[in-house]
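Engineer: Below you will find the structure I want to go over with you.
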Amino acid sequence: MAATAREEGASGQERGQRGCEHYDRGCLLKAPCCDKLYTCRLCHDNNEDHQLDRFKVKEVQCINCEKIQHAQQTCEECSTLFGEYYCDICHLFDKDKKQYHCENCGICRIGPKEDFFHCLKCNLCLAMNLQGRHKCIENVSRQNCPICLEDIHTSRVVAHVLPCGHLLHRTCYEEMLKEGYRCPLCMHSALDMTRYWRQLDDEVAQTPMPSEYQNMTVDILDCEGFDCS
């Protein structure tokens with residue numbers, strides 16, 4: 001159950017209850033924008049008309065002893081561990097998921113770090129098996145998902161890289177495949193269609209042309225750059 005906003009400490013929350021639906025943590029963040037206490041920035045943003053800047057968080061409140069203190073990994077009063085993982089830049093507290101802070105992305109990513117590399121042109125951390133094998137689009141992660149129109153770069157939902165280089169949330173990609181297989185931005189195939197095209201070629205090869213058409217050729221006009229409507 002997510003912790004709700006509180007301005008008077010952790011009263012109203014069962015003592016010892018950890019975290020919210022987004023993160024497992026033993027503290028509340030004191031929002032520098034409104035001085036309210038929330039379990040995480042997402043809980044804050046869902047309840048307020050403004051966003052919490054995670055980088056400006058200076059203080060947290062222990063969920064056990066309720067002491068407000070400087071943001072740190074362990075409570076200075078009762079030694080409660082606020083998070084197995086803690087980033088003192090993003091002020092991210094959570095279970096250990098092999099997270100790491102990427103300086104180029106500017107935020108924390110779920111690792112392990114050795115399984116990812118940062119593509120400077122795409123400006124995004126990608127799986128090592130995509131190194132040298134993906135199509136780069138400059139700052140592609142700074143664009144919103146074309147399906148749900150929500151942020152990709154800071155989203156907790158994993159991004160899926162299409163063969164054309166565009167990004168979708170993994171969940172949006174899976175939903176898209178129920179209706180079609182083309183990238184919604186450039187209309188290129190979102191799947192490896194090699195086997196399908198080979199299957200069509202085999203079917204064509206097994207269907208002989210009538211003798212009167214076997215040596216016939218047709219010139220095809222490339223409409224790119226022309227109005228062929």
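The backbone N, Cα and C atoms fix where each Cβ goes, glycine too.
TrEMBL annotations: computationally assigned, not manually curated.
The structure displayed is predicted, hence computed values, not measured ones.
Pulled these features from TrEMBL for this protein:
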- 13-80: domain 'CHY-type' (DOMAIN)
- 82-144: domain 'CTCHY-type' (DOMAIN)
- 145-186: domain 'RING-type' (DOMAIN)
Engineer: Please indicate, using numbers and ranges, the residues of the same chain that are 6 or more beyond the domain 'RING-type' (145-186) and have a C-beta under 8 Å from a C-beta there.
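Structural biologist: Here the qualifying positions are 22, 42, 105, 107, 122, 124, 126, 130, 134-137, 192-193.
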Engineer: Could you give me three numbers for the domain 'CHY-type' (13-80), the DSSP helix, strand and coil residue counts?
Structural biologist: 10 helix, 14 strand, 44 coil
